[in-house]
Amino acid sequence: TFHFQIFRELELPAEVARIKNLRESLVEQREHFIYSIVNNTDVRNLDTLFSLELEKYEKVVQDAAQGGISIDVDNNFPVESEKWSILQAVFFASTVLTTIGYGNIVPVTLWGRIFCILFALIGIPLTLTVIADWGRLFATAVSVIGKHWRSIVPFASDDKKWLYAVGAVCFLGVYLAAGTGLLLLWEEDWNFFDGYYFCFITMTTIGFGDLVPSKPNYMLLCTLYILVGLALTSTIIELVRRQYAQSWQKLQALSGPLADTLRRLGESAGTGIDVTALHNDLRRVLTVVSMPRRHGSKKNDPSEMAALEAITNAILQDIKEKQESKEPPKVVQIVIYESSV
(Lines of atoms letter the chains of each structure in order from A and count residues from 1; the text may use other names and numbers.)
(Lines give C-alpha, C1' and ligand atoms only; values in the text may rest on other atoms or scores of the structure.)
Protein backbone atom coordinates (compact mmCIF):
# COMPACT_ATOMS: atom_id res chain seq x y z
CA THR A 1 0.00 0.00 0.00
CA PHE A 2 3.01 2.32 0.43
CA HIS A 3 4.68 1.62 -2.90
CA PHE A 4 3.08 4.57 -4.71
CA GLN A 5 4.29 6.88 -1.94
CA ILE A 6 7.85 5.63 -2.46
CA PHE A 7 7.58 6.39 -6.18
CA ARG A 8 6.25 9.82 -5.33
CA GLU A 9 9.06 10.59 -2.86
CA LEU A 10 11.73 9.44 -5.30
CA GLU A 11 10.41 11.12 -8.44
CA LEU A 12 8.57 14.24 -7.27
CA PRO A 13 11.70 16.34 -6.45
CA ALA A 14 13.18 15.60 -9.88
CA GLU A 15 9.84 16.43 -11.51
CA VAL A 16 9.63 19.76 -9.64
CA ALA A 17 13.20 20.64 -10.66
CA ARG A 18 12.47 19.73 -14.28
CA ILE A 19 9.36 21.93 -14.38
CA LYS A 20 11.27 24.78 -12.76
CA ASN A 21 14.05 24.58 -15.35
CA LEU A 22 11.60 24.49 -18.22
CA ARG A 23 9.68 27.50 -16.89
CA GLU A 24 12.85 29.51 -16.30
CA SER A 25 14.18 28.66 -19.74
CA LEU A 26 10.87 29.65 -21.32
CA VAL A 27 10.70 32.98 -19.50
CA GLU A 28 14.34 33.75 -20.25
CA GLN A 29 14.04 32.93 -23.94
CA ARG A 30 10.85 34.98 -24.23
CA GLU A 31 12.49 38.02 -22.66
CA HIS A 32 15.54 37.55 -24.87
CA PHE A 33 13.36 37.36 -27.96
CA ILE A 34 11.51 40.58 -27.11
CA TYR A 35 14.74 42.39 -26.17
CA SER A 36 16.48 41.37 -29.41
CA ILE A 37 13.65 42.63 -31.60
CA VAL A 38 12.96 45.85 -29.71
CA ASN A 39 16.59 46.93 -29.38
CA ASN A 40 17.64 46.06 -32.87
CA THR A 41 19.13 49.04 -34.74
CA ASP A 42 19.96 47.32 -37.98
CA VAL A 43 16.72 47.55 -39.95
CA ARG A 44 18.20 45.84 -42.99
CA ASN A 45 18.87 42.59 -41.07
CA LEU A 46 15.64 42.71 -39.10
CA ASP A 47 14.01 39.86 -41.03
CA THR A 48 17.01 37.58 -40.55
CA LEU A 49 17.31 38.40 -36.87
CA PHE A 50 13.60 37.94 -36.33
CA SER A 51 13.65 34.50 -38.00
CA LEU A 52 16.63 33.28 -35.96
CA GLU A 53 15.30 34.48 -32.61
CA LEU A 54 11.80 33.21 -33.35
CA GLU A 55 13.18 29.77 -34.21
CA LYS A 56 15.00 29.60 -30.85
CA TYR A 57 11.90 30.72 -28.97
CA GLU A 58 9.66 28.22 -30.77
CA LYS A 59 11.98 25.35 -29.83
CA VAL A 60 11.85 26.33 -26.16
CA VAL A 61 8.06 26.66 -26.32
CA GLN A 62 7.78 23.23 -27.90
CA ASP A 63 9.95 21.64 -25.20
CA ALA A 64 7.92 23.34 -22.48
CA ALA A 65 4.61 22.22 -23.97
CA GLN A 66 5.83 18.64 -24.27
CA GLY A 67 7.04 18.85 -20.69
CA GLY A 68 3.56 19.63 -19.38
CA ILE A 69 3.71 23.42 -19.08
CA SER A 70 0.77 25.47 -20.28
CA ILE A 71 1.80 28.37 -22.51
CA ASP A 72 -0.10 30.97 -20.50
CA VAL A 73 1.92 34.17 -20.06
CA ASP A 74 -0.59 35.86 -17.78
CA ASN A 75 -0.44 33.03 -15.22
CA ASN A 76 3.36 32.61 -15.38
CA PHE A 77 3.23 29.39 -17.43
CA PRO A 78 1.40 27.05 -15.03
CA VAL A 79 1.77 23.26 -15.03
CA GLU A 80 -1.09 21.49 -16.81
CA SER A 81 -1.13 18.53 -14.42
CA GLU A 82 1.20 17.24 -11.73
CA LYS A 83 2.67 13.96 -12.91
CA TRP A 84 3.56 12.51 -9.54
CA SER A 85 0.48 13.36 -7.54
CA ILE A 86 -0.88 10.69 -5.22
CA LEU A 87 -3.51 9.51 -7.70
CA GLN A 88 -1.05 9.56 -10.58
CA ALA A 89 1.42 7.53 -8.51
CA VAL A 90 -1.28 4.96 -7.71
CA PHE A 91 -2.22 4.75 -11.38
CA PHE A 92 1.44 4.33 -12.39
CA ALA A 93 1.98 1.56 -9.84
CA SER A 94 -1.11 -0.29 -11.10
CA THR A 95 0.11 -0.10 -14.71
CA VAL A 96 3.44 -1.56 -13.62
CA LEU A 97 1.82 -4.42 -11.70
CA THR A 98 -0.54 -5.28 -14.54
CA THR A 99 2.24 -5.00 -17.19
CA ILE A 100 0.19 -2.44 -19.18
CA GLY A 101 2.73 0.38 -19.04
CA TYR A 102 1.25 3.29 -20.97
CA GLY A 103 4.49 5.28 -20.84
CA ASN A 104 2.91 8.63 -20.01
CA ILE A 105 4.53 8.57 -16.56
CA VAL A 106 7.98 7.03 -16.15
CA PRO A 107 10.68 7.20 -13.49
CA VAL A 108 13.68 9.32 -14.50
CA THR A 109 15.89 9.15 -11.41
CA LEU A 110 18.37 6.36 -10.75
CA TRP A 111 16.82 5.24 -7.48
CA GLY A 112 13.34 5.52 -8.93
CA ARG A 113 14.25 3.16 -11.75
CA ILE A 114 15.98 0.73 -9.38
CA PHE A 115 12.93 0.64 -7.15
CA CYS A 116 10.71 0.19 -10.22
CA ILE A 117 12.72 -2.89 -11.25
CA LEU A 118 12.51 -4.44 -7.78
CA PHE A 119 8.85 -3.52 -7.47
CA ALA A 120 8.04 -5.13 -10.84
CA LEU A 121 10.03 -8.30 -10.12
CA ILE A 122 8.12 -8.89 -6.88
CA GLY A 123 4.74 -7.38 -7.69
CA ILE A 124 4.02 -8.61 -11.22
CA PRO A 125 4.01 -12.37 -10.41
CA LEU A 126 1.84 -11.78 -7.34
CA THR A 127 -0.59 -9.58 -9.27
CA LEU A 128 -0.90 -11.97 -12.20
CA THR A 129 -1.44 -14.86 -9.78
CA VAL A 130 -4.21 -12.98 -8.01
CA ILE A 131 -5.86 -12.01 -11.31
CA ALA A 132 -5.66 -15.63 -12.52
CA ASP A 133 -7.22 -16.81 -9.25
CA TRP A 134 -10.01 -14.29 -9.71
CA GLY A 135 -10.52 -15.59 -13.22
CA ARG A 136 -10.76 -19.21 -12.06
CA LEU A 137 -13.12 -18.18 -9.27
CA PHE A 138 -15.40 -16.30 -11.65
CA ALA A 139 -15.24 -19.14 -14.18
CA THR A 140 -16.25 -21.64 -11.50
CA ALA A 141 -19.12 -19.39 -10.49
CA VAL A 142 -20.27 -19.19 -14.11
CA SER A 143 -20.05 -22.99 -14.44
CA VAL A 144 -22.09 -23.51 -11.25
CA ILE A 145 -24.72 -21.06 -12.46
CA GLY A 146 -24.76 -22.85 -15.81
CA LYS A 147 -25.31 -26.25 -14.19
CA HIS A 148 -28.12 -24.85 -12.08
CA TRP A 149 -29.63 -23.29 -15.19
CA ARG A 150 -29.49 -26.62 -17.05
CA SER A 151 -31.33 -28.30 -14.20
CA ILE A 152 -34.14 -25.74 -14.54
CA VAL A 153 -34.28 -25.34 -18.32
CA PRO A 154 -34.60 -28.74 -20.06
CA PHE A 155 -33.33 -27.59 -23.47
CA ALA A 156 -30.00 -26.33 -22.03
CA SER A 157 -28.08 -29.49 -22.91
CA ASP A 158 -24.40 -30.24 -22.56
CA ASP A 159 -23.92 -29.66 -26.28
CA LYS A 160 -24.48 -25.93 -25.70
CA LYS A 161 -21.73 -25.39 -23.16
CA TRP A 162 -19.84 -23.31 -25.68
CA LEU A 163 -22.58 -20.71 -25.24
CA TYR A 164 -21.10 -19.88 -21.83
CA ALA A 165 -17.83 -18.78 -23.42
CA VAL A 166 -19.68 -16.79 -26.08
CA GLY A 167 -21.83 -15.21 -23.39
CA ALA A 168 -18.74 -14.28 -21.39
CA VAL A 169 -17.17 -12.65 -24.45
CA CYS A 170 -20.37 -10.68 -25.04
CA PHE A 171 -20.38 -9.64 -21.39
CA LEU A 172 -16.81 -8.39 -21.75
CA GLY A 173 -17.90 -6.35 -24.74
CA VAL A 174 -20.68 -4.80 -22.65
CA TYR A 175 -18.17 -4.13 -19.87
CA LEU A 176 -15.86 -2.35 -22.30
CA ALA A 177 -18.78 -0.29 -23.58
CA ALA A 178 -19.73 0.65 -20.01
CA GLY A 179 -16.17 1.74 -19.33
CA THR A 180 -16.23 3.76 -22.53
CA GLY A 181 -19.36 5.55 -21.34
CA LEU A 182 -17.66 6.46 -18.08
CA LEU A 183 -14.55 7.74 -19.86
CA LEU A 184 -16.63 9.95 -22.13
CA LEU A 185 -17.99 11.72 -19.05
CA TRP A 186 -14.50 13.05 -18.24
CA GLU A 187 -12.60 12.97 -21.52
CA GLU A 188 -14.32 15.59 -23.63
CA ASP A 189 -11.95 15.20 -26.57
CA TRP A 190 -12.64 11.47 -26.97
CA ASN A 191 -15.36 9.85 -29.04
CA PHE A 192 -16.94 6.45 -28.42
CA PHE A 193 -14.46 4.55 -30.56
CA ASP A 194 -11.49 6.21 -28.81
CA GLY A 195 -12.83 5.14 -25.43
CA TYR A 196 -13.61 1.60 -26.58
CA TYR A 197 -10.19 1.32 -28.19
CA PHE A 198 -8.52 2.46 -24.98
CA CYS A 199 -10.50 -0.05 -22.89
CA PHE A 200 -9.70 -2.93 -25.24
CA ILE A 201 -5.99 -2.11 -25.44
CA THR A 202 -5.96 -1.87 -21.64
CA MET A 203 -7.82 -5.12 -20.92
CA THR A 204 -5.52 -7.04 -23.25
CA THR A 205 -2.50 -5.44 -21.45
CA ILE A 206 -1.14 -4.10 -24.76
CA GLY A 207 -0.95 -0.52 -23.52
CA PHE A 208 0.28 1.47 -26.50
CA GLY A 209 0.01 4.75 -24.60
CA ASP A 210 -1.37 6.72 -27.55
CA LEU A 211 -4.58 7.34 -25.58
CA VAL A 212 -4.34 7.84 -21.82
CA PRO A 213 -6.83 9.48 -19.43
CA SER A 214 -5.69 12.99 -18.64
CA LYS A 215 -7.98 13.88 -15.74
CA PRO A 216 -6.29 12.88 -12.45
CA ASN A 217 -9.49 13.16 -10.42
CA TYR A 218 -10.81 9.77 -11.50
CA MET A 219 -7.54 7.83 -11.77
CA LEU A 220 -8.45 5.71 -8.73
CA LEU A 221 -11.77 4.74 -10.32
CA CYS A 222 -9.98 3.98 -13.57
CA THR A 223 -7.51 1.77 -11.72
CA LEU A 224 -10.34 -0.19 -10.10
CA TYR A 225 -12.04 -0.58 -13.46
CA ILE A 226 -8.84 -1.92 -15.00
CA LEU A 227 -8.31 -4.51 -12.24
CA VAL A 228 -11.88 -5.80 -12.48
CA GLY A 229 -11.65 -5.86 -16.27
CA LEU A 230 -8.44 -7.88 -16.19
CA ALA A 231 -10.18 -10.38 -13.90
CA LEU A 232 -13.04 -10.66 -16.40
CA THR A 233 -10.58 -11.14 -19.23
CA SER A 234 -8.89 -13.90 -17.24
CA THR A 235 -12.33 -15.44 -16.66
CA ILE A 236 -13.04 -15.60 -20.37
CA ILE A 237 -9.64 -17.14 -21.06
CA GLU A 238 -10.29 -19.74 -18.37
CA LEU A 239 -13.75 -20.57 -19.76
CA VAL A 240 -12.40 -20.96 -23.28
CA ARG A 241 -9.55 -23.13 -21.95
CA ARG A 242 -11.99 -25.39 -20.12
CA GLN A 243 -14.17 -25.71 -23.22
CA TYR A 244 -11.16 -26.67 -25.33
CA ALA A 245 -10.13 -29.19 -22.67
CA GLN A 246 -13.60 -30.77 -22.66
CA SER A 247 -13.70 -30.86 -26.46
CA TRP A 248 -10.27 -32.50 -26.52
CA GLN A 249 -11.41 -35.16 -24.04
CA LYS A 250 -14.47 -35.90 -26.16
CA LEU A 251 -12.29 -36.09 -29.26
CA GLN A 252 -9.97 -38.55 -27.55
CA ALA A 253 -12.97 -40.63 -26.44
CA LEU A 254 -14.25 -40.81 -30.02
CA SER A 255 -10.86 -41.30 -31.65
CA GLY A 256 -10.51 -44.85 -30.27
CA PRO A 257 -13.53 -46.39 -32.07
CA LEU A 258 -12.86 -44.32 -35.17
CA ALA A 259 -9.20 -45.34 -35.36
CA ASP A 260 -10.15 -49.00 -34.92
CA THR A 261 -12.77 -48.67 -37.64
CA LEU A 262 -10.29 -47.12 -40.05
CA ARG A 263 -7.74 -49.84 -39.27
CA ARG A 264 -10.25 -52.60 -39.98
CA LEU A 265 -11.41 -50.80 -43.07
CA GLY A 266 -7.84 -50.62 -44.33
CA GLU A 267 -7.28 -54.33 -43.71
CA SER A 268 -10.48 -55.41 -45.40
CA ALA A 269 -10.67 -52.94 -48.26
CA GLY A 270 -7.98 -54.45 -50.42
CA THR A 271 -7.20 -52.83 -53.72
CA GLY A 272 -9.39 -51.06 -56.23
CA ILE A 273 -11.28 -48.94 -53.69
CA ASP A 274 -14.14 -46.82 -54.95
CA VAL A 275 -13.50 -43.37 -53.48
CA THR A 276 -17.17 -42.33 -53.53
CA ALA A 277 -18.31 -45.54 -51.88
CA LEU A 278 -15.51 -45.28 -49.31
CA HIS A 279 -16.57 -41.71 -48.50
CA ASN A 280 -20.17 -42.81 -47.95
CA ASP A 281 -19.05 -45.71 -45.77
CA LEU A 282 -16.92 -43.41 -43.64
CA ARG A 283 -19.86 -41.08 -43.17
CA ARG A 284 -21.92 -44.04 -41.95
CA VAL A 285 -19.21 -44.98 -39.47
CA LEU A 286 -18.85 -41.40 -38.20
CA THR A 287 -22.61 -41.17 -37.77
CA VAL A 288 -22.61 -44.27 -35.62
CA VAL A 289 -19.60 -43.10 -33.59
CA SER A 290 -21.16 -39.71 -32.83
CA MET A 291 -24.53 -41.19 -31.75
CA PRO A 292 -23.72 -41.19 -27.98
CA ARG A 293 -22.72 -37.54 -28.06
CA ARG A 294 -25.85 -36.50 -29.96
CA HIS A 295 -28.17 -38.22 -27.51
CA GLY A 296 -26.29 -36.90 -24.48
CA SER A 297 -25.58 -40.38 -23.11
CA LYS A 298 -23.29 -41.13 -20.23
CA LYS A 299 -19.64 -41.63 -20.96
CA ASN A 300 -18.42 -45.26 -21.27
CA ASP A 301 -21.88 -46.83 -20.77
CA PRO A 302 -21.25 -50.64 -21.30
CA SER A 303 -24.60 -51.33 -22.99
CA GLU A 304 -24.26 -48.44 -25.40
CA MET A 305 -20.63 -49.27 -26.14
CA ALA A 306 -21.63 -52.84 -26.94
CA ALA A 307 -24.40 -51.63 -29.23
CA LEU A 308 -21.98 -49.23 -30.88
CA GLU A 309 -19.50 -52.06 -31.42
CA ALA A 310 -22.18 -54.27 -32.96
CA ILE A 311 -23.36 -51.57 -35.36
CA THR A 312 -19.78 -50.79 -36.35
CA ASN A 313 -19.01 -54.45 -37.02
CA ALA A 314 -22.14 -54.72 -39.15
CA ILE A 315 -21.08 -51.75 -41.23
CA LEU A 316 -17.58 -53.19 -41.60
CA GLN A 317 -18.99 -56.53 -42.69
CA ASP A 318 -21.16 -54.80 -45.24
CA ILE A 319 -18.15 -52.91 -46.56
CA LYS A 320 -16.11 -56.12 -46.74
CA GLU A 321 -18.82 -57.92 -48.68
CA LYS A 322 -19.05 -55.06 -51.16
CA GLN A 323 -15.32 -55.16 -51.72
CA GLU A 324 -15.27 -58.95 -52.18
CA SER A 325 -18.16 -58.87 -54.66
CA LYS A 326 -16.36 -56.44 -56.92
CA GLU A 327 -14.48 -57.72 -59.91
CA PRO A 328 -10.71 -57.36 -59.65
CA PRO A 329 -9.47 -54.33 -61.46
CA LYS A 330 -8.09 -54.77 -64.90
CA VAL A 331 -4.33 -54.56 -65.13
CA VAL A 332 -3.09 -52.49 -68.01
CA GLN A 333 0.55 -53.09 -68.83
CA ILE A 334 2.38 -50.29 -70.58
CA VAL A 335 5.67 -51.07 -72.29
CA ILE A 336 7.95 -48.20 -73.16
CA TYR A 337 10.50 -48.91 -75.87
CA GLU A 338 13.37 -46.50 -76.29
CA SER A 339 15.50 -46.59 -79.40
CA SER A 340 18.81 -44.96 -80.14
CA VAL A 341 17.48 -43.18 -83.20
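Note that Cβ sites are derived from N, Cα and C of the backbone, with glycine treated the same way.
Curation does not apply to TrEMBL; its annotations are automatic.
The domain 'Potassium channel' annotation in TrEMBL covers 81-138 (among others). With DSSP classes pooled into helix, strand and coil, the tally for the domain 'Potassium channel' (81-138) is 41 helix, 0 strand, 17 coil.
Look at TrEMBL and you will find 84-103 (among others) tagged as transmembrane segment. Non-local neighbours of the transmembrane segment (84-103) in the same chain are 3-5, 7-8, 11-12, 15, 116, 119-120, 123-124, 127-128, 131, 202, 205-209, 212, 216-217, 219-220, 222-223, 226-227, 230; each lies 6+ residues outside the stretch with a CB under 8 Å from one of its CB atoms.
Per TrEMBL, the feature transmembrane segment maps to 110-132 (among others).
TrEMBL lists 162-186 (among others) with the feature transmembrane segment. Cβ atoms under 8 Å from those of the transmembrane segment (162-186) belong to residues 142-143, 146, 192, 195-196, 198-200, 203, 213, 215, 217-218, 221-222, 225, 229, 232-233, 235-236, 239-240, 243 of the same chain, restricted to positions at least 6 beyond its ends.
Taken from TrEMBL, the feature domain 'Potassium channel' covers 172-242 (among others).
Taken from TrEMBL, the feature transmembrane segment applies to 193-212 (among others).
Per TrEMBL, the feature transmembrane segment maps to 218-240 (among others). Within its own chain, the transmembrane segment (218-240) has Cβ neighbours under 8 Å at 87-88, 90-91, 94, 98, 100, 131-132, 134-136, 138-139, 142-143, 164-165, 168-169, 171-172, 175-176, 179, 182-183, 186, 199, 202-205, counting only residues six or more beyond its boundaries.
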### Query
Which residue counts does DSSP yield for the domain 'Potassium channel' (172-242) in the helix, strand and coil classes, in that order?
54 helix, 0 strand, 17 coil
